[in-house]
Amino acid sequence: MTTQPITDELVRRFFRYAAISSQSDASATRVPTSPGQLRLARLLAKELASIGAIDVVIDDHACLTARFPATMPGPAIGFCAHLDTVDVGLSPEIKPQIREFTGHPITLGHGQILDPAQYPVLDNYIGQPIICTDGTSVLGSDDKAALASIMTALSRLSHVAHPEIVVAFVPDEEIGLRGIKTLDLARFDVDAAYTVDCEGQATFAYETFNAGQAVVTITGVSAHPMSAKGVLVNPNLVAYDLISFFDRSQTPEHTEGREGYIWVQGIDGNQARTVVTLNIRDHDKAIYQARKDEITTAVRRLQDLHPRAKINCEITDVYGNIADSLSPDTQWVVDDMRAAIRATGCEPTAIIMRGGTDGSYLSTRGIPTPNLFTGGFNFHSVHEFLPVEEFHRSYQTIWVLMTRSFTS
């Protein structure tokens, strides 16, 4: 099996999947939140059936699962990727291009430049092809490079021994893991799984945030400004007081590594009602709980300060730290991941993930699911790029995990 045909297939698949606009929509209440995700799921289901998958199912939420029965002993392994691309205010239409990196800045188009002075990692790929954006959108290597790598590996399984492989392609990961939470886990009955949703070269992650969200709704007392004295309770100013209670050094822009935070993610208000959305993050479960308690205490304090306002706070857990789901009996999942990356000729790099994945949810449901690299860099950016070499390395890692060929 030569490298070039595989690389060509990876690129073809990526371009085919990227051509389907599947940006998730945080304002929608249904799952999937955009029709393109269902279109992509249907395409993938057709392709899975054509390469020998059985039990290919798409449910009402566009969650796609399929199974490849075992031809050798071993644990049942799952692979999970998401169908949506992120909405960061850029075009939902992705038009990738392949450019050879010469060492000089790449003109993407529309006034955008991919400059090695800004992204020095580019210098590792001089003389090599790089997939990049046209300057109007994200690239979507998060997570369509994962779809392409998984599908390319699956397409080559038929004549190679492998344990049972189950795949799950799910919608709306980018907006709070909404899709994976709708999946019937009886269709994803595996001993362990891997998401392919990490950026960088040969990276992997099994430490993620514990994540929650607090929604504080403040209802004031309306009055005409000309007669407002002693009557008006401005919910926007009440919200300001709430925000002032929190430590400004404990925010995303002032923290790193395993340091957590409370992030004022959004404020939506008028003269009658204001809603403050707070994101809560920490790797340490006890500190995460303490941050939730801090918000509850702050809301009580706010109510005491503004007794005529009506204040309600709802706190929900979004996902947990994958590391908390691991035990001596499941440590092999991470060990295999390291070994698979080494089998590609590269030393693995563990990252402390300041975020979460579908695997964060799966792990809390009893399926340990660490995260593997896609090969892409600068996720969620018009400057996102995917070196073909790293794209292929991601595929190789998946192949090793599927075939248990750690020493080949």
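Here, residue 1 is simply the first one shown, and the rest follow in order.
Quick reminder: no glycine exception, Cβ is built from N, Cα and C everywhere.
Curation does not apply to TrEMBL; its annotations are automatic.
Listed in TrEMBL:
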- H82, D142, D197: Zn(2+) 1 binding site (BINDING)
- D84: active site (ACT_SITE)
- D142, E174, H380: Zn(2+) 2 binding site (BINDING)
- E173: active site, proton acceptor (ACT_SITE)
- 206-301: domain 'Peptidase M20 dimerisation' (DOMAIN)
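TrEMBL feature annotations superimposed on the structure.
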| residue | record | DSSP class |
| --- | --- | --- |
| H82 | Zn(2+) 1 binding site | strand |
| D142 | Zn(2+) 1 binding site | helix |
| E173 | active site, proton acceptor | helix |
| D197 | Zn(2+) 1 binding site | strand |
| H380 | Zn(2+) 2 binding site | coil |
Reported mean pLDDT - the domain 'Peptidase M20 dimerisation' (206-301): 97
Local Cβ density at H82 (Zn(2+) 1 binding site) - other Cβ atoms counted within 10 Å: 29
Distance check against H380 (Zn(2+) 2 binding site) for the recorded positions H82, D84, D142, D197, keeping those with Cα within 10 Å: D142
Cβ contacts of D142 (Zn(2+) 1 binding site) (under 8 Å, same chain, 6 or more positions away): T85, V86, D197, E199, T374, G376, F379, H380, E384
Which same-chain residues, if any, lie at least 6 apart from E174 (Zn(2+) 2 binding site) yet have Cβ under 8 Å of it: S24, H82, D84, T85, V86, D87
Cβ neighbours of the residue listed as 'active site, proton acceptor' where a neighbour is any other Cβ within 10 Å: 26
Other residues, Cβ within 8 Å of D142, E174, H380 Cβ centroid (Zn(2+) 2 site): T85, V86, V88, V138, D143, F379
Shell list (Zn(2+) 1; ref centroid = CB of H82, D142, D197; cutoff 8 A): A81, D143, A146, E173, E174, T195, V196, T357, D358, T374
